[in-house]
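Listed in TrEMBL for this protein:
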- 574-608: coiled coil (COILED)
- 136-189: domain 'PAC' (DOMAIN)
- 268-320: domain 'PAC' (DOMAIN)
- 398-450: domain 'PAC' (DOMAIN)
- 451-523: domain 'PAS' (DOMAIN)
- 527-579: domain 'PAC' (DOMAIN)
- 617-841: domain 'Histidine kinase' (DOMAIN)
- 869-985: domain 'Response regulatory' (DOMAIN)
- ASP919: 4-aspartylphosphate (MOD_RES)
Amino acid sequence: MRQMDGRNAVVHDDRMAKSVYPQVMASIFSPAPTHADSLRARISSFPWEKTALGAKADWPISLRTTVELALASDFPMFIMWGEAQIFLYNDAYAPFLGARHPAALGQSMCDVWPEIWSELSPLIDRALRGETVSVEDMHLVMTRNGDAEDTWWTFCYSPLHDDAGDIVGVLDIAVDVTQKFTDARRIEEKRARLEKSEARFSALVSATSDAIYQMSADWQEMRQLDGRGFLVDTQAPSVRWLELYIPPDDQPMVMAAIARALEARAPFMLEHRVRQADGAIGWTASRAVPILDDDGNILEWFGTATDVTASHLSREALATSREKLELATRAARLGQFDYWPQTGQLEWDDRCRALFGLHPGAPVSYETAFLAGLHPEDREGADAAVRAALDPAGTCIFDTEYRTVGIEDGIERHIHAQGLAMFEGQDPIRLIGTVQDVTADRQAQASLREVEERLRLAGRATNDAVWDWNFRDDHVTWNIALEHAYGHRLENVEPTGEWWLDHIHPDDRQRINDSIHAVIDGEGTDWTDEYRFARSDGSYADVLDRGYVLRTPAGEPLRMVGAMQDMSARKAVERQLEEDRRRLIEEVETKTAERDKAEDALRQSQKMEAVGQLTGGLAHDFNNLLTGISGALEMMQIRIAQGRVGEIDKYSVAAQGAVRRAAALTHRLLAFSRRQTLDPKPVNSNRLIFDLEELIRRTVGPQIEVETVGKAGIWTTLVDPNQLENALLNLCINARDAMPDGGRITIETANKWLDDTAARERDLEPGQYVSICVTDTGTGMTPEVISRAFDPFFTTKPLGEGTGLGLSMIYGFARQSGGHVRIYSELGTGTTMCLYLPRHFMEDEESEDASVIPSLSEQAASNEPRRGTILVVDDEPTVRLLVVEIAQELGYDVQEAMDGPGAMRLLQNGVAVDLLITDVGLPGGMNGRQVADAALSLLPDLKVLFITGYAENAVIGNGQLAPNMALVTKPFAMDALAKRIGDMLP
């Protein structure tokens, strides 16, 4: 559909003709007028032999048939026939002629309607070319009665063929819609008479290719369908027509349209899918009119079904094409314009409006929008470009650039406009095209020209070799400095990037090629690098090269400009300075090494002095302990000899006390060496520090305030609780010593999740940790003291007041437990010591029963029967003797061996053993763990009890043993050993 000549007429290709077709069919069979003044009488009596048509008897059958059909119809029709355009019409059309009737009969069409011929002739020409042309509501100014009058028409021009099939004329079906309501009533009256004209209707519709159907009044039954090859013909009335002809998805839509037509008693019109005669799904434009009785009741429906499959697919393809075009123009940020020069009508989309500074939907015209929005300096040229495109003698191409000054926003823009003019004959009817904002491109070009000018001027004023590399043709331009600085005459230089690359030192070439292309091929603009560049004499200059990439608005690299600076002299100075610096570093390193050697010797001397102090103290302590033990044993022997057995107990208690103090001393040494035997358990840190708080308060004294802060929901950690308590007590004592005038100690727990960075800073694995921090308000530490605080024997206390092992022992305990300890301190602001211990994903265990262990005699006197065989392996005869006697005292069978091979011989000989008690450190090539593993391979249910003076990681794996294993540490109480044996072998 399109508008005609600005008069708001709507032109259809064939749809309106088919929409009024049923009405025409009804009118054709109305009673023909018989009065003497009728057109039938006039045509019969008209002297046709004097016209180009000749005698009526000689007319072609097609003309006579068409005239007869027209005369038989009350629908206004005229016929134009032959090259002379002879004009015939029926009685219904005669009133349209006014005073020109009846003289218009037999005249040339252009003479009948001279005042509107210029508007009708293009439509008639289209019909003579084979088109069916329909027009709705066309405005015509007619002088049919002597005075000009405004009229509006709806009509359809159809081509007429002679007997040979050639198009020789036009049939027009016209409706004067000036009085629409009158005409509508007349049409309804004609439809009422349609039932009486069924025979004529059948004869006429046989000439059409449309399918014809007849439906019952309520559309429940299809009474007849003549499919004309498009649809399957009905053999009998059918109530299943909907499922036979209409696809399921379209059935609701069809039934809804039928319901609307029934309710309004109006024609049914719908375009929908249908099953074609070949089984394929096609499209039809279905139209039906109701046939009414004299009372206005619907008797039945007559309709046509036009095959519009091809046109529907074409419309879909057109819609798709338009959508693609819209997406393409939107993606390219193009505006669209459409200009009709004959009427001056101009259409812009909103993108085009925006380029002229107008808001969306703003009204536009050629003068008030296009010309008014142009830059004054470009207005005349742009207008001339439009006129040139509309000149039929030209190329029809519109391609120009101009500037706009926004009508509403005042912004200046650079616009590139392209279009194509269309003509009818020599008359331009349309100019359609696109506009694009190229402001950024033009600004970039202006900037480029400015840069080029600056580079040209800079090239004259500098000694640097300035270059300009055009990527599109790989052309490189150099200034004269290339010759002055490097000896290359410009006429001998190949102006390509390859020449430049070939003159780079081979060791630098690949690196420079990669670095410059990383900028060019990426999104960067600046490039800087240093390399060696060949002079004309073959030597190499050290150069610093800088370049800048010029890109399009889309980021595509266009050119690169830069300058190459000779840095040879400066590099020579730098190399000399580097050589001097290297020699100086060597001298400093030599002197530093000598100083470090002296310091190492001093530290070794200090360590040996500390070791001497430590070993002297240890020897003194052990001598005291040994004196107590040996003295007690001697007194026990004397009293036994004297028969004074009742006094033996006090000497026994004294000896055992000395043994326990000796054991505590060795545990301290083992902690320092990180080889102590740990007994890790799930520990709740909050509970531990709360239980320890009172002891800490008594230890640090009343002048020190102690505060504990437990994190809610603190995680559990797997650690030896006794060693953790010792570590915290030691830290609190150190904190006390750092606050001689009193202060505050804060013990705080927290959950910590250490990521890779945080864990790396603390020398830990990433994961979850429990932190226990002891913070004081004391003197703090210097960075040097912090760096050496964990070194063995390092101490800041006065001579004789510390061995330097306290923090080393804590460090060893933390690392052996899978954690770490960190110091946070500044001089004068206090110190924070934090223990980091791994999270344990089990609940903490309640404290073990602290009840007194029964004595060996009590355990031996127990009424519980003891069964089982124990194998004791120890290279120390005294220890082996004691363990064997304890096991026998408890009632077990006992085998013994002094080393691993001896124990394995017993087991391989078939000795059945229930419990293996073995020392960890054994001679003979097998340690206690190896003996246990070998024994378990023979006796999988065997239980193992290790005895050790210290724990070796390679033997017992960081203090954690299998469920069937246990460990006791030397020295041990006989009662405790007996209980452990009884627990393992009940």
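Backbone N, Cα and C define each Cβ position, glycine as well.
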*Over all shown protein chains, what is the count of other CB atoms within 10 A of the CB belonging to the residue listed as '4-aspartylphosphate'?*
25
_In the three-state scheme derived from DSSP, which category covers the residue listed as '4-aspartylphosphate'?_
strand
*Could you tell me the mean pLDDT over the domain 'Histidine kinase' (617-841), as a whole number?*
80
*By DSSP, what is the split of the domain 'PAS' (451-523) into helix, strand and coil residues?*
42 helix, 11 strand, 20 coil
